[in-house]
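According to TrEMBL, the protein carries these features:
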| type | residues | note |
| --- | --- | --- |
| DISULFID | CYS104-CYS147 | disulfide bond |
| DOMAIN | 1-62 | domain 'Sushi' |
| DOMAIN | 102-165 | domain 'Sushi' |
| REGION | 69-98 | region 'Disordered' |
Amino acid sequence: ICPRLPTTEFADVTAERYPVQTKLYYKCDPGYDRDVGAYPGIQCKSEQQGAVWKYREFKCRVKKNVSSTAPTLEVGPMQPETEPRSPAPPKREDLSEFKQKDFCGPPKTVPHASIRLPQQHYVGQVLHFKCQTGYDKRPPTFGSRTCKEVNGKIIWTPLDLRCTNDS
């Protein structure tokens, strides 16, 4: 398990791959609500064909406003992923037992929803950072951090990114 991820202000974070057993959760964007009873979670599972995300139906609908008569927006159901996604072959420095296991690729996008990153990350995971709109005044405006083991210590690689809204 990697140390706590340092905070990067005004940046969105995404990942390319997630280890088996990772659970992620969708969150509807402002102005949208999930269907009543719809479970927002997905999980990376190991199957015979490799690591795949397991989905349940999840939709975000336009919030109903008491004073509005706007129609509700329907978003199609999510289907289980059919093709396995595995990591690229491990690099020379990625030889730990965990890093050689299957990983799931990025989860499917859901209209009007975003994914919350997990609280725990594992050696071999790469996180990508991009300045949020309006906060990209000082290049570079994107970068990545990798959780890796160096001399027996688990660290995050440095991030050369500073997002600010200074003029």
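If you go along the chain as it appears here, the first residue is 1 and each next one adds 1.
Every residue gets a Cβ built from N, Cα and C, even glycine.
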Least buried by Cβ count (within 10 Å) of the disulfide-bonded residues CYS104, CYS147: CYS147
Structural state census, the domain 'Sushi' (1-62) (DSSP three-state): 0 helix, 31 strand, 31 coil
